[in-house]
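Inspection log for the structure reproduced underneath, given as structure tokens.
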């Protein structure tokens, strides 16, 4: 079969070389090919007695990988030019970062020594920060600790004498160096100076931690408490390591009231404690000082203790040590129903306290009103206060339902829509679970309610709910989220929704508060092959608990997902 000779653009026509050695000379190094030529590229076969040469028009520019010195030095190779023009300060910083990644302190110090003797390099804050960080990383290495501390302070002194103000990262590194040699006072002074200067660089927990932990290790309790007060004034929240250290130093120095305070802080901020913290708690209760602590008579006032527990939301009273005599410490498990298998006491499902709940409710009202004020006045919207008044009048509910979330669950298919049967199933299930046979309250947007009323298959049930105050229609232009969240918070009842309420977390109170509230009040649901399953709140909270009898239960962090396998410290008094 005879091949049809393709037509070539004139710019690409070339003669067949008489020998192979001339092929390189024949093909241009770079050929500009238009997009149309590239799209219509065809294989061309040129033949003579010595060579069969196959050329793609579109690949001719890439056939020669050899480059001349002129090509390498041309502006078309920006990387080499950029590398050649890199300034010495930037080169030093890159090399220091490389030392940090390799954990090579000796190499970093050698670079620093060379830099301070060079007239071409002016050290800046980034250089000093990188060096100080690397020095602080070796304070726990016995072979390099002394060098790291000594050279670290030399570097810091040069930084300050150069007129460079240390930022938070630099102060943190030097504070760690100071604490490593037992100078908690200097570590604390660095933080106080940083706060006094002000500006954009502010201290963090890691900035305070070296001084606080140093004072605790050296049993300088009062200085440790001073650091804590300074942290509190700066809005820094303690975490487990710091609280545990303060508890240890308080126990070691016989400050029983401080020990009680830090147990409460662990309950509030941590929940489950680590093995290390549990050992510190155990040592305190086994000690002589703990057995000498008495309740000063409050243990006999059961009504006072119960009222305090109720006010706090359950799980603690906060009035101080209760009982007399030695403590008995056991490690055991808690049943799925919340019963301690060591002492038979039932643990509480801890709720938010009255003050927190009231603040939460007020915040919801404020935000709902602000949203209303920002909306276009042309849109009809009933005042949120109308719902507040309605709820005050009819607010005898044990559960609130996010109607839209339930009705639209798993309805994202071709014929899917709002499922009233799903909503009805939840209403019936909660009614049957209610000991007092109370109906829940459904909150649903008015537009959705009107659509259901227009459907003859749904009208009777919806009208029945409205007449029995089981259904409240939120007004047009409103966000029904605020309504069901407000109702559940105000009535301190259950909230049935799968909504994670992440938006609310960021807009309302602290994340820790909202998580605690959700754990106690949110009911999640699923429908498996049409069958409803409600996931009720757990019967007890996995946090440190203090009972009205004076006993303590401390959950320990566990890798087991099965809650019944978690270890708990059960701490009771012989007289209780």
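From the backbone N, Cα and C atoms, a Cβ is placed for every residue, glycine too.
Quick caveat, the model's predicted, so the values are computed rather than measured.
Here is what Swiss-Prot records for this protein:
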- 65-88: region 'Disordered' (REGION)
- 65-75: compositional bias 'Basic and acidic residues' (COMPBIAS)
- 88-123: repeat 'PPR 1' (REPEAT)
- 129-166: repeat 'PPR 2' (REPEAT)
- 167-201: repeat 'PPR 3' (REPEAT)
- 204-238: repeat 'PPR 4' (REPEAT)
- 335-570: domain 'PRORP' (DOMAIN)
- 340, 343, 553, 570: Zn(2+) binding site (BINDING)
- 402, 480: Mn(2+) 1 binding site (BINDING)
- 481, 499: Mn(2+) 2 binding site (BINDING)
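A map of Swiss-Prot features onto the structure.
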residue : record                : Cβ neighbours (10 Å)
340     : Zn(2+) binding site   : 22
343     : Zn(2+) binding site   : 17
402     : Mn(2+) 1 binding site : 27
480     : Mn(2+) 1 binding site : 20
481     : Mn(2+) 2 binding site : 20
499     : Mn(2+) 2 binding site : 16
553     : Zn(2+) binding site   : 25
570     : Zn(2+) binding site   : 21
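Mapped onto DSSP classes, the repeat 'PPR 4' (204-238) shows 26 helix, 0 strand, 9 coil.
Other than 340, 343, 553, 570, the residues of this chain whose Cβ falls within 8 Å of the Cβ centroid of the Zn(2+) site are, in sequence order, 330, 332, 334, 341, 342, 344, 345, 347, 551, 568, 571, 572.
The binding-site residues shown are 402, 480, 481, 499; of these, the one with its CA atom nearest the CA of residue 343 (Zn(2+) binding site) is 499. Cα-Cα distances to residue 481 (Mn(2+) 2 binding site) place 402 within 10 Å, out of the binding-site residues 340, 402, 553, 570. The secondary structure of residue 481 (Mn(2+) 2 binding site), as reduced to three states from DSSP, is helical. For the repeat 'PPR 1' (88-123), DSSP puts the residue distribution at 27 helix, 0 strand, 9 coil. The secondary structure of residue 570 (Zn(2+) binding site), as reduced to three states from DSSP, is extended strand. Remote same-chain residues near the repeat 'PPR 3' (167-201) are listed as 125, 128-129, 132-133, 135-136, 139-140, 145, 148-149, 152-153, 156, 159, 207-208, 210-211, 213-215, 218, 220, 223, 226-227, 230, 234 (criterion: CB distance under 8 Å, separation of at least six residues from the stretch ends). Close to residue 402 (Mn(2+) 1 binding site), meaning Cα to Cα within 10 A, are the following binding-site residues out of 340, 499, 570: 499.
If you take the Cα of residue 340 (Zn(2+) binding site) and the Cα of residue 499 (Mn(2+) 2 binding site), they are about 33 angstrom apart, rounded to a whole number. When the binding-site residues 480, 553, 570 are screened for a C-alpha within 10 angstroms of the C-alpha of residue 499 (Mn(2+) 2 binding site), no residue qualifies. Each residue contributes its Cα atom, and for residue 480 (Mn(2+) 1 binding site) and residue 570 (Zn(2+) binding site) those atoms are 44 Å apart.
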